[in-house]
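The compositional bias 'Low complexity' annotation in TrEMBL covers A:1-10. Among the features that TrEMBL reports, domain 'Histidine kinase/HSP90-like ATPase' is placed at A:91-182. Residues annotated as domain 'DNA topoisomerase type IIA subunit B' in TrEMBL: A:295-381. The feature region 'Disordered' is assigned by TrEMBL to A:1-27.
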């Protein structure tokens, strides 16, 4: 019996959710089964694409269903409501990669004014379209392929590796849209590049393992980029698109509309979303006519403060269009200033011996933050 | 101005700690600087090793210092004490990869009875030694190198890719020890394989970019595997080993001693740790003579319950030797049973109209769990 001490990359993980598994399985596992196998059978090396499909967790998050309370848009009430939703985080993530792409492009390209999102439940595909500058339709001399192929079809490629540049876009990690491609049965990119006067389309199939040659046309048209993908539902333990994940994806379209500083129209399934400012978005959350203060602080920060629903401090926040659902430094940065100002005022009104603590004040607040931050550090722990 | 919509892999990260950065930097960043660059300059592709060094976060965690309350061993009091420690999570992680390796080997190899850990602050190296079965010192026919080289020097290799096997070891992700190698200036593996009668040593330098040929000797000796590495402190914003990270690493040696079910002696810097059971370890945390119940439930689960220090529910837990510092399903699984039993008893003693809630009871508990779980799912979110 011999086996290599292959290391545990999950060391010191913050949250091991494993007891259920243990209960389901017998106590005498497959230990010692290495005995009869050759070293070639025991020690294996994967390609990176194989590895991503085999161990998705560290790339796209869990492929297991989970239930969480999240805000979703209630079509009847025309408001955001907090609801228990059951969804697979990995599927949500591969959608978000593409959506945040489109929002990023808005930051880079001032002329972009429209994003269109279609979540087609019946046919099981998602399309995200934007009319910012298209991708350069030209051959990358070093890698000998068109730039769109490099960007969407080859791992570890990025236009965002230079940390000496300060960027307020979300992507910088070299996986991004490729992960969506890898977890899709079909992935279609279409872009028009007015500079080169070319239209480009390319299709990948079977988890990016089957690449089709691109189609090109010389064509004078407005710039755009469109991504359509058919998620490989089986990899998420699903057979088709489900209502809860559709609701979450739809809410993300509202998020993007909210975070574009009113610069961009967002269409969802062909319908223009009536969210033209961060304040519009905040209003979808707070009770009608309830107290709130909204402020566009500068071209990178918008904040709003309202009253929490009584269950303690609440926050809804975005950094570079990325939804930071558990807050972070950017939220505390705002909340602490508001709390301190209220404490000061209370203290002056009531004199010494004030029994109110910061935590008490904070518990009544609902803070909304939409900001652009250069090269932000995200920490999922 | 054109730039690709490279995707944001950090989408929906739970905790964006970014406001500090924003405050430090000017509001007019480098946006639009792509204008004058060629596509070859803008769109880059990295090797995986380059990518890991450039974007360490998703592989080994943050390379920024953070301050957290953690248990460390107090040499004077001979007890675990909770202390504010400042450390770089990525450095802690690359140490843990190697340590959990040695603990994993114990699970696989019943004859292993000793682990030796040396944290040499003055010389800036760490050594972890175990006397379990050595790695097979033979050529892997497919990859044309010795197995130890495949295991420690090539990315995406693992002996743990077969999910149909049920394993209770920590590693299964193909990065593991390679990450330690990549974040080290020097990384030395030595192993003796009694089956082949061979001793093997190999050295990598400069972040695994410089590989030396292995040394081999025909030699009859007891099996062992030893890893020594000199962390590349500059990559963690450090110039040398610091007291707090040393304290954390030392505590992990106690953790391993605790989680080996009394089967393995653990030496730290040459001294045998007096932790021969999980109960010994629990006693290092709870006040002397305070209430506690320790139970070895079966060969995979050990649990203990004591009283919390009054600040609410506390837990110390391990799944397959991995420290789950924020608990998880395995901890709730134990805590809920204890809480329910106490509630039942209270309810019977006091009759109806009981005002005590589950959360109240739980807040007085300190739960310790040491378990082996097959193919556990870790979720850092």
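Glycine residues also receive a Cβ, built from the backbone N, Cα and C atoms like all the rest.
Automatic prediction, not curation, is the source of TrEMBL annotations.
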May I have the DSSP-based helix, strand and coil counts for the residues of the domain 'Histidine kinase/HSP90-like ATPase' (A:91-182)? 32 helix, 19 strand, 41 coil
When DSSP states are grouped into helix, strand and coil, how many residues of the domain 'DNA topoisomerase type IIA subunit B' (A:295-381) land in each? 27 helix, 25 strand, 35 coil
Integer mean pLDDT for the domain 'Histidine kinase/HSP90-like ATPase' (A:91-182): 90
